């Protein structure tokens, strides 16, 4: 006897969505002010991790102590606040936090190790000289993004992206940061693991178990979990749990080892050229420009993820190019103020949009206000910045995963039964992980990258580019997707082009005006295409 025919609803797949459903507050719909302020503080809390980790790694190598480290953190916060406001008002207008970027660490370390600074005996003088060299390199590197963004050159590249080639780029922008997740949690497992467990419980399980308070736990899980685990870590510290422990264990686990509170001033306003006049070296500028180009690509993937979690339509290429131009201005400000690092879209804050399901522009603008406020009131900001790194890394485990899944979500537009799709997706993801892994492992063993010539600037350019997982995976996917059976009508549908065609221009979708038009009628002077 034949089996009964399946029910009609079993044959229907999930509908393809241009905008992500189930978002509580989208790009243009702000939550009530009290809720928005607390959500903004939560964004500020999340971006502190990268803001503290980068100066903590760089400043001691530059010759600086706790006071210099605290000032660099304050400066990074101040510039991040300004850049976030510029991006939300004049750039893409997406709720993207623009903060310090790990991509610029390698060329900065190369400047620190330059021979012309090796003979300086005074650590403070060496710090100042190194910082000025970094400032000069950042100022020159910023012109790359400014030119490519405001000239519209990057718009041409973005128009080549399809859902298929965007998927590896966005996915690796999140998953590619796995080294900053559990490996850092494990450096103090007794506070890192409870943070992960509590964050997952508060954000995923408790909202279903306690429906009346579910929304509060879902949106403020980061603040709640950090407060509990930070207090727990404080009690371990004052209770003598790490008395006699190894120095590395004490550094990662204790709540009083950052040195930021003691080194920070009560009130201090960062200002341009506070470390002195920048100095310029051609080789260092070229290496920093390579990092700026990698950051440009990584930020493109992060912008795409942000637009998704803000429940906006895909960002038109002209708007993306405009945002990259303003990000270049952000790197310029970093060079002028002396942040020791360039800037890009904060991936962790992009993931927080997904965790909270709040993609409001106003929330991120409020978070920028917190950045500026606490950068001026140094002591108060240093208290929050002294949160142990394993707690921050535990938060990354969730937030980076959200960004990675934003990329995987674009596969809904593609035909996954196509062998062309399988090859491009699989090969680009594999190479995006494998090639940077080789470069990073080689560097950790040999002390220098696989490209090791007498020209250090050339070595830095190549090693930085191929150490970025998002850059390698995105470049491979875009190259293959643009050349392999490009004009085949079947391939065009398989790659999802027919879903994204109407978003390749600002004027072809009426929703673009709502999400991306400039305020104060500025579109008349700066039109979008």
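Quick reminder: no glycine exception, Cβ is built from N, Cα and C everywhere.
Looking at 13-35, 220-242, the range tied to transmembrane segment in TrEMBL is 220-242. Here the transmembrane segment (192-214) sits apart from the transmembrane segment (41-60); fewer than 3 CB pairs are under 8 Å, leaving out pairs fewer than 6 apart in sequence. Sequence-distant residue pairs (6 or more apart) of the transmembrane segment (363-385) and the transmembrane segment (41-60) include at least 3 whose Cβ atoms are under 8 Å, placing the two stretches in contact.
Between the transmembrane segment (41-60) and the transmembrane segment (220-242), three or more CB pairs separated by 6 or more residues in sequence fall under 8 Å, so the two stretches touch. Within its own chain, the transmembrane segment (220-242) is flanked in space by residues 38-39, 41-42, 45-46, 190-191, 194-195, 198-199, 202-203, 249-250, 253-256, 352, 355-356, 387-388, 391, 394-395, which lie at least six positions past its ends and keep a Cβ under 8 Å from the stretch.
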